[in-house]
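Copying in the features that TrEMBL gives for the protein in this structure:
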DOMAIN    25-322  domain 'Plant heme peroxidase family profile'
SITE      Arg62  site 'Transition state stabilizer'
ACT_SITE  His66  active site, proton acceptor
BINDING   Asp242, Thr245, Asp250  Ca(2+) 2 binding site
Amino acid sequence: MAAKTHFSFLLLLVLFQLFNSGRGQLQLNYYAKSCPKAEEIIKQQVIDLYYEHGNTAVSWLRNLFHDCIVKSCDASLLLETVVGVESEKDSSRSFGMRNFKYVNKIKAAVEKECPLTVSCADIVALSARDGIVMLKGPHIDLKTGRKDSKMSYSNMVEELVPQHNASLVNVLSRFNSIGIDTEATVALLGSHSVGRVHCVNLVERLYPTVDPTIDPEYAKYLKMRCPTPTPDPNGVLYSRNDRETTMILDNMYYSNVLKHKGLLIVDQELVSNPLTLPYVKKFAADNLYFHAQFSRGIRLLSENNPLTGDQGEVRKDCRFVNK
């Protein structure tokens, strides 16, 4: 009887936490009545921007990660530094992020159709969804109904966003802490397939001696891309994670790390960790399965602790809280 009571208490606790996380209040087609064209407007903006500036699609995906991994999927990432607010974008963890100005373009198009209705947090989520499609990835049905934060969490970014040289154990722990399991985390790391790494974040694996876990021929290529141990952080000096299917979100990333051609430490540790190696092999062998798990990971990430209902607000301008 005591065991049954304990189980019931745990079940109620889990349900209580789920409800209070806001996940339970998100829904598909949240704007069906209040702004029925919202999702189509966002999609068209993402398509137009992609053909004008191809790298925007990658930016939308990275925005989702940086916004949702820090406390909540609430567009706190987009807030500018003003009196009383320090932007999360100013953190060293946001190094290399760009195209924020085009988020404002998407928001303006939505505001023209439905003023003060569609949140910036939902624009972050939906632009990532549509950007993934432009990168030849899967279409992912995402729930909406998030509200925007009224504050920045800049003081938490360094703690909550893994740094470029973080270990796989650290990354798995961070994702697990927000309800993303190991397989989904390995799938989300597949987003590195369309990314690039600045030499500033690579040279410690190349100088003064080459990391022995890097394929020797690949190391030669990387040293050609990053010829100095002290690269200019403002220079356009980088290497792509995937040279074979550039700007396509596919499973080539996993084939590369199996050949010891991972750029970051976390990439290469995927094949030396017995917990993650089976998933790497499975994804490398089956792109459809990778896309299915990647989709599941994106759903979990996009629903991390959202503000809903009367929490937060719908910003008029994604860069500033409403007056």
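Each Cβ is built from the backbone N, Cα and C atoms, and glycine gets one as well.
TrEMBL: automatically predicted annotations, no manual curation.
Please situate the listed features within the shown structure.
As a whole-number mean, the pLDDT of the domain 'Plant heme peroxidase family profile' (25-322) in this prediction is 96.
All protein chains considered, the CB of Arg62 (site 'Transition state stabilizer') has 20 other CB atoms within 10 Å.
Shown in sequence order, Leu77, Glu88, Arg93, Ser94, Met97, Val161 are the residues of the chain, 6+ apart in sequence, with a C-beta less than 8 angstroms from the C-beta of His66 (active site, proton acceptor).
Over all protein chains present, the Cβ of Thr245 (Ca(2+) 2 binding site) has 16 other Cβ atoms lying within 10 Å.
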Within the same chain, and leaving aside Asp242, Thr245, Asp250, name every residue whose CB is within 8 angstroms of the centroid of the CB atoms belonging to the recorded Ca(2+) 2 site, in sequence order.
Ser193, Val194, Glu244, Thr246, Ile248, Leu249, Asn251, Met252, Tyr253
Among all protein chains shown, how many Cβ atoms are found within 10 Å of the Cβ of Asp242 (Ca(2+) 2 binding site), not counting that one?
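Looking across every protein chain shown, the total is 23.
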Check each residue in the chain of Asp250 (Ca(2+) 2 binding site) that is at least six apart in sequence and keep those whose C-beta is under 8 Å from its C-beta; list them in sequence order.
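Expected: Lys136, Gly137, Ser193, Asn287, Phe290.
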